[in-house]
Structures are given as structure tokens and as C-alpha cells.
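Visitor: Okay, handing you the structure first.
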Amino acid sequence: MKVAFLRFLAACLGTLLVLFAGLALLLRTGQVDPLDWAWPAVPLLALVGWLASRGGGHGHARAHAIWVGLGTVLSILLLCRIAAARPPALSLSLLLAVSAALGLCGGLLLRRSRIGAIALIAAALLVPLAGRPPAVPMAPQRPSLAVLTALPLFWREGGQGLAAPADAPIVTVLRQHFDLRPFDTPLSPELAKARLLLIAQPRAMQPGELVAIDRWLRDGGRALILADPLLRWPSPLAPGDRRRAPAVSLLGPLLAHWGVRLENTATLDEDRHLLPDGRLMTLLAASHFIATAPACGTEARGLVARCRLGRGQAVLVADADLIDDRLWLADPSRPLDPSAWSADTPALVAGWLGAELHGDRRWVLSGAQLVLAVRWAAVAGIFWAAMGAILFSLRRGRFLPGADPGRRRRKTAKGA
């Protein structure tokens, strides 16, 4: 009974420790990646293998070590499955299994060959790197993208005013696929040279400027328009400062001409919105559109509207705060690293403009879903540890040194 309890306690505590240690990265970004649990799992399984190897690597002890490793991997995958309500990618699951197996084998080999064991454990720690998404690459051809905005996307607000050029993280990502050209008015010759246009919470425009945008679109242009009925973008500039972006969208006349209406916001809260394809938008005080003409249609509960205008098309989003890096980037120093994103905003913006940022990320549905996932994964780990303790005790296996009564009887018989 004591041996079974020790086996259960060691396996149970080890699995729970790995589950909670791997939550650190998940809580930072919201991404559900099983490889985040590889780093704590490898040292644990190496320790399990080393304990099993003591006393000559008893067959039952090795089998129990494999049982513990399998239970740890299955508990991790169960947590990922429930937290995201989607199974983790098969490639990432296989890499986790390979990493765990190498760590366990390294521990089993430690008493026989330190160099070989260290090599296996090092390989186990390096395997997860193969599953990390690459940085956003520079596209071989970058179409011209005209940008009309009052948001601080190309400059830094504050003490140095607008005379301090600095790209916002979303601009850093977009430059990998587009040749960005900011301009102050749609009457600028720059607009005629571009086939793509990004309008993000611009300042008030004259009727002639709105006509220029409409004509450009109907001539075959493609535009992404971020219109916010209540901008919450933080700014060090005082309210009323003309350098601040307008607090409300001023594109109402243009949108009405196209057949779409932007409603007032009904909430001031942050909203994590999962699209049907599994991609995540993080919004702040977002609203919705209502289509009033056949040329436009809405999707994603009205958050997005699409309009076919002549030979061109426009995608409208009822929030401009979504491109604020505070809502989609966990580490401001790594905007090109998808593993540092806390939402799919860069991929969505690029996709609306015709580019493709590859990557299939899983996201936590909600805090309640994460609690449920941890709970069930912990229960599964405890159950697996209990089953292993009972099974291998019945077979008189040994997990901890000195806990094999059959081995003691054999020693006594030899002494007699």
C-alpha cells in the first residue's frame, strides 16, 4: 500500500506541476500551444526516468515511467483541447510527444551514459523550437498601400509632439507585405498611384475629399476602413488638442452614400471576439454596422461590413482600437513574432487588404473555459496516476528506490 501511495503521489504531483507551470505563457498571450508545456515536462520526465533507472532499470519501473510520461502528455493535450474548444494541431501534438519521449529516455539513460543522456535531454528541450511559428517574412512583392489616418501610426505622441517618427507595431507588420505611404488628404496624387487604401479614424474631410475616395473605389480600388463610434485609444495629448484622433467616426456621410450605417456603441468594455474560422479579434468599445442598401452586407454580428462599389470593394470594421498594440501584442518588442501576439489582428488586417499571413493559432475561449480545462486536465492526471499506482503495484513493480518487496525477498533468499 505504501509503495502504491508513493507512486501515486509522485506521478500526481509531477503532472500537476507541469500543468500549472505551462500556464505562464498561455496567460500572457492567450494562445493555446501544447509546446508551451514541453519546457516544464522535459525536466520532470527526465527525473522520472532517472528514478526508474536506479537499481538497474527494473522492467516494471521503466514501464511505470513510460506510464507517467504518457499521462503527462495526455493531460496537456486535454487541457489544450478544452481551453480552445478545438483539438491542438497534430504536428504540435506529435512534437510534444517526441520531446517528452526524449526527456524520459534521457533520464533512463543517465546512469549508463551521462553524455548520451545529456544529449537526449538537450534534444528534448530543442524539439519545441521546431514548432514555433517563423517571424513574419518580407514579401517579395509589396503593393503600394495608401494610409489615411489621424491615429499615431507613423509618429510618437507626447513631449516631442508629432516631430518624432516612429512606426506603430501594426505598421511594422504591414510593411512586410505592403509599401505603406501615408498621406493627409485623398486629393493627394499618392492615392491615384495606389490600388490599396487603409482609412483608420481620419480627421474631418471636405465633401470633395469624400467624393475622391468614392470615385477611387468605384474605379477599382480596394479599401479597409476602420470607423470607430467611440475611440478609446490612449493619448498623452490633452482633450481638444487638434493632433488627437477624433473621438468619433466622421465618415457618416460617405458610409450612408454606400448604404451602410454605423451604430453607436453599446459597451465600453474590451471584447474578445472569435470569428467562425477561429481567428481572434480583440475590440474596445466596438459597435456594429447596419446595411441599408444591397451593395453592402454585414458579418461577424455586424462588426464587419463588405461593400461592392463599381469595380472596387471596401471592408469596413466598426472599431479602430483593434490595431492598438495593447490589444493584440503581448511583447511590444516582437511585433513580427506571431508567438507574441495576443490576437490575430495583424493577420486579419493584412487579409482584408489582400495579403495572407499564414498561421493557425488556437485561443482560449474565455477565463471560465480555461478554469474548466485546468480542472478536467488535473482530474485526468490524478486518475491516470491512481490507475498507474494500482496497476504496477499489483504487478509488484518499483518506482522509488527500496520500494520493491519482491526484490528484498530475492536478496534474502540469496543470503540464505
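Keep in mind that glycine also has a Cβ here, set from the backbone N, Cα and C atoms.
Annotations in TrEMBL come from automatic prediction, not curation.
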Visitor: To which of the residue ranges 65-84, 145-164 does TrEMBL assign the term transmembrane segment?
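Guide: That would be 65-84, the stretch labelled transmembrane segment in TrEMBL.
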Visitor: In TrEMBL, which of 3-21, 117-135 is labelled transmembrane segment?
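Guide: Of the candidate stretches, TrEMBL labels 117-135 as transmembrane segment.
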Visitor: Excluding the flanking five residues on each side, which residues at least 6 beyond the ends of the transmembrane segment (90-110) place their CB within less than 8 Å of a CB in that stretch?
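Guide: Counting only partners 6 or more residues beyond its ends, the transmembrane segment (90-110) has Cβ contacts under 8 Å with 33-35, 37-38, 41-53, 57, 62, 65-66, 69, 72-73, 76-77, 116-121, 123-125, 127-128, 130-131.
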